[in-house]
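Visitor: Okay, here's the structure, questions in a sec.
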Amino acid sequence: MKSRFNLILVGVGGQGLITLGRLIGEACIRAGLNVTVAEVHGMSQRGGSVVVHVRIGEGDSPVIPLGGAHHIIAMEVLEAGRSARYANRDTVMVVNDLLLPPPLAKHPGKKEVIDALKSKLERVYIYDAEGVSKKIMGTPISSNIALLGFSLGVNPALESLISRVAVEKALEAIFKEKALDLNKKVFEEAFREGRSNIGG
Amino acid sequence: MHPVLARKGETVLLMGNEAVARGALESGICLAAAYPGTPSTEIVETLSEVAKDLKIWVEWSVNEKVAFETAYAAAISGVKSLTAMKHVGLNVAADILMSSAYAGVKAGFVIVSADDPGHHSSQNEQDNRWYGFISHIPVVEPSSPREAYYFTKESFKLSEKYGHPVILRTTTRLSHTRQPVTLEEDLPASPVCKGVFEKAIDRWVLVPGHAKKLKIKLLEIWKKIQYDTSEPFAKIINPGMKDVIIASGIAYSHVEEALRIAGLESKVTILKVNMPVPVPRKPVEEVLRNAERVLIVEELDPVVEKQVKSISKELGLACEIYGKEYIPENDELSLQVVYNGICRFSGKCDPVMWESIGELKLEPQIPPRPPVLCPGCPHRSSYYIVKTALNKAGIRKVIFTGDIGCYTLGFQKPFETQMTSFEMGGAIGIAHGLSKVVDEAIVAVVGDSTFYHAGIPGVINLVFNKGRAIPMILDNSVTAMTGHQPHPGTGVTAVGEPTVRILPENILRAIGFETFVINPLKVKDSISVLAKALEEFKDGKNIAIISRARCALEVLRDARKTKTVLPVYKVDPEKCTGCLACVNLSACPALVLEPDSRKPVIIEELCAGCGLCASICPFNAISVANTPTQDWEKLW
């Protein structure tokens, strides 16, 4: 393979991006794939921008070049907009339907950011990940898992690399008992909703 | 089970730092000591998590020098050991580093220097490979997390072979990247943990007469390492080409992929250097003899480049050697940057790998999210309190010297209570020096962990040499910035065992400071205590301030665990006049102004219940909105 599969995860510190990166890494091991999961964050413990670079396939260089993302998972709308520089025209982007503006800063609205993304990308999906997490878990805590399920649903190229089975095995390595069952449900439901978006 | 305890043959997802920890455990270490510092922290943190199970000694020492000495002492007594620190931490330990090369070791000893190209969380991006030259200690540099595991083990072997310390140099991108690692061996059933200190006065006592002799031996070892080392510390890939790329550390991973993308992998010979100092001599000679053009790809300084050029000159070779002409000398390298450099060097590839859609053009633009003090952070209250108290005491012109920690974020508006920040413990020495040459009042702000690390000599000097500055210790009783590692003021050790708690007020009082301890959650009381304290300062006394409350992140975590309800505040829109004093004086991320509104609201999910905003509000418009658990204050 000439190029690895490049997956960018973006959001705000505290949203569960590092866990999501680990989960995908664990899923890759279970799918027999090489992977690098690089966490890029500054000094802030919470509330700062976080970018996780996941690169699947042979090779060790961890950071994805600008324009090099095949798929982007954004846990927050402004961070989705900020991640545009990693996208090319063919990038698939899944955006959590959530706006968390930094304090006291002037910022564009949700619709403006999404419209701007859609004007440049063919495949932008907005997903209410908090909704599915709240429905099944009672809290937004599994929004990250929902966005991964939805991403596998709308992007068969990603699903052909890390199968649903591999993700479920990875969930088993991270969660136990009730939390495991509920997270599997969140993942499956989000996958189905994603797939129905592309007519599957 | 912790992934670093997995069995031989298993494939586990390890962060570079965890991979170093596993490699060290497989090598049979029985002691590890460190002071936390990004990006090195997780190495010894991981070891601390498994120390009790494995019956090895792991500690957070007060600073890098003490950590180094602790680990080195084990190694000169025949017990394998490791110390780890961030790049600037090695400056603190540099004294013992130099001496350790003269006296050597009796068991494997590895010093991990976790460098930070791109200064993601550091004051500089110094390239610690240079330390290899000034100390005559070889520097090993892996190119991936997986190799960090492998080369940790190779570093221990090298150290044992020559009875010499070895520096393992990693960089942020490797330290904080996870990768599947297939484990080659099980952990040793019973590593050597009992040492024997053999009296060898002529070896362990570095008086000039002994050191002179040891230096001769040291140079012999240095030469041997240079001339006798080849694989695995250097590897020639696709030999025989006229174009040669020499790459060291993580730069190799970028080179490998860049050549693949450019379709040049079969047209270039690569020398992969895993020991940049000293560069293994034979493989360098071998590739240079065939080469016409050579490009050296390495992060930061031209460390390998200078050595390769010097070897080429010695041999009288005619090949052209390039390095920093094509590869930047500052900032972290990436696939993109290396690809661009190789394209310019070879003139053979399309410089565009992927076409980015670019930044979105929006009005207003997407705002940055700079790091800020967390909601509920006691530093925020401490800063408000000290500034208000100074004002009350009529002290208008104040210089705040600063230090290294979360509280460095106080450099920002509205606080500006960090006007310098150079190195660990620097606030106090700088304050002392300033007090000799300026007229302003000086407050030296330093965190608790930093105070133990390097602040104590500074406060002693301040009193001894009659400086006029107020040390202010922001004490959250933990090393918060690197992820809450315990220190001498915490009351537990690295592995969670209870130990004596050494309080900074006892140290300061013993030195001669009249010391005032405040609780930043009690804003009004604290202001009046400090206002009184400042009167004493004006009378010429030595005063010191300790502001003590736990890190809000720890409090929130414990509240979740113990199901304690913390207070949550709300703004009463009836009483609020929209003066925005709360917003402008606290800069708390939980206080927001909705678009088109003049009155702020508090985001319930973010509010940690510190109550600073309520203390600031001149109209009593902010109050507790819920029913907190009784005794919630105990968590702080």
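Cβ atoms are placed via backbone N, Cα and C, with glycine included.
Keep in mind that TrEMBL annotations are predicted by a computer and have not been checked by a curator.
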Visitor: TrEMBL has B:Cys607, B:Cys610, B:Cys613 binding [4Fe-4S] cluster 2. Which one of B:Cys579, B:Cys588 is in the same site?
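Guide: Of B:Cys579, B:Cys588, B:Cys588 joins B:Cys607, B:Cys610, B:Cys613 in the [4Fe-4S] cluster 2 site that TrEMBL records.
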Visitor: Of the candidates B:Cys406, B:Cys617, which one does TrEMBL list alongside B:Cys576, B:Cys579, B:Cys582 as binding [4Fe-4S] cluster 1?
Guide: B:Cys617
Visitor: Rank aside, I only need the closest one: which of the binding-site residues B:Cys588, B:Cys607, B:Cys610, B:Cys613 has its C-alpha nearest to that of B:Cys576 ([4Fe-4S] cluster 1 binding site)?
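Guide: Closest by Cα distance to B:Cys576 ([4Fe-4S] cluster 1 binding site) among the binding-site residues B:Cys588, B:Cys607, B:Cys610, B:Cys613: B:Cys613.
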Visitor: Identify which of the binding-site residues B:Cys576, B:Cys588, B:Cys607, B:Cys613, B:Cys617 has its Cβ surrounded by the largest number of other Cβ atoms within 10 Å, counting every protein chain shown.
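Guide: Counting every other Cβ within 10 Å of each candidate, the maximum falls on B:Cys588.
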Visitor: Work out how many Å separate B:Cys610 ([4Fe-4S] cluster 2 binding site) and B:Cys617 ([4Fe-4S] cluster 1 binding site) at their Cα atoms, rounded off.
Guide: 14
Visitor: Let me know the DSSP-derived helix, strand or coil state of B:Cys582 ([4Fe-4S] cluster 1 binding site), please.
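Guide: For B:Cys582 ([4Fe-4S] cluster 1 binding site) - judged by DSSP and reduced to three states - the answer is helix.
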Visitor: Rank the binding-site residues B:Cys579, B:Cys610 by the number of other Cβ atoms within 10 Å of each Cβ, and give the residue at the low end.
Guide: B:Cys579
Visitor: When you rank B:Cys588, B:Cys607, B:Cys613 by Cα distance to B:Cys582 ([4Fe-4S] cluster 1 binding site), which of the binding-site residues ends up on top as the closest?
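Guide: For B:Cys582 ([4Fe-4S] cluster 1 binding site), the spatially nearest of the binding-site residues is B:Cys613.
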Visitor: Going by Cα-Cα distance, which of the binding-site residues (B:Cys588, B:Cys607, B:Cys613) sits nearest to B:Cys579 ([4Fe-4S] cluster 1 binding site)?
Guide: B:Cys613
Visitor: Among all protein chains shown, how many Cβ atoms are found within 10 Å of the Cβ of B:Cys582 ([4Fe-4S] cluster 1 binding site), not counting that one?
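Guide: Here the count is 25.
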Visitor: Quick check on the domain '4Fe-4S ferredoxin-type' (B:598-627): DSSP residue counts for helix, strand, coil, in that order please.
Guide: 5 helix, 5 strand, 20 coil
